[in-house]
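What follows is a structure written as structure tokens; I'll ask about it next.
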Ligand code: MN
């Protein structure tokens, strides 16, 4: 998915200054963002209160939306730089096309992982015909400096490893949890897992004390370390935990996102992650002049134009709140 916010403002993120070293419980409220005419998403990262969780730099939760008589998701070709996109569905399907020639339908609990490296472009659309409901999350992972110029590529993993326990079924999206490991390529120590909890489940999942974590509620109600978290909200948990208590008050599902705190300071604007304003300015110019980002074949429509860059230079990084 693309950041379709026309008021695109550069965000400075990354660096240890934002990380909370101890266990905390910070409930993050979403910002409601319109994507096109009909779709509204709930943006959890970047958030006024928090920019990143490990290398996770962008989290949108959308749906469940009834798209029976609607086009559904229609995101025209747009570029990315310096990041990986994770497409994650609970209901519906998304057809992905990209400038490396990928053409892939992504279904619930399958991983669509696109590594932009230095430059890629892609489109995402609800296929025709499509399922009645669309429900999922779109996430970005920042690439470290050592890999941000890598070749672009796309991975699709339909059969991800699972961890089960009474009342719990966990699917590994990225990284490792309780001995299971996702086949998705990662460039920093990171984890992403989808946890399905049965009504009344009361359990703990093992964590890495050096990672920072957050839990995004997808559906139902889950008490995360005692804090009720409802769909479209995310609880930031800080670092220093070896386990996380979860109690489901209904059938519920959450995404566990974590990783080693991301040391490098980043500039994020529109669909790009760079290290300087010059990186961003150059990427915007390359997209608008049709260079570097390749071409998406087969999408019925024009590519997205980049928004205007704000005239003022980037402000120094502020505090988290
Ligand atoms: Mn995108």
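Note that Cβ sites are derived from N, Cα and C of the backbone, with glycine treated the same way.
Residues or ranges marked as Fe cation binding site in TrEMBL: 78, 80, 122, 124. As annotated by TrEMBL, domain 'Pirin N-terminal' applies to 41-141. Per TrEMBL, domain 'Pirin C-terminal' is recorded for 193-292. Residues or ranges marked as region 'Disordered' in TrEMBL: 299-321.
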Averaging the per-residue pLDDT over the domain 'Pirin N-terminal' (41-141), what integer do you get?
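On average, pLDDT over the domain 'Pirin N-terminal' (41-141) sits at 96.
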Looking only at 78, 122, the binding-site residues on record, which one has the least crowded Cβ, with the fewest other Cβ atoms within 10 Å?
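Least crowded of the binding-site residues 78, 122, by Cβ count within 10 Å, is 78.
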So if I draw a 10 Å sphere around the Cβ of residue 80 (Fe cation binding site), how many other Cβ atoms end up inside it?
28
According to DSSP, does residue 122 (Fe cation binding site) fall in a helix, a strand, or coil?
strand
Per DSSP, what is the residue tally for the domain 'Pirin N-terminal' (41-141) in helix, strand and coil?
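For that range the per-state counts are 0 helix, 65 strand, 36 coil.
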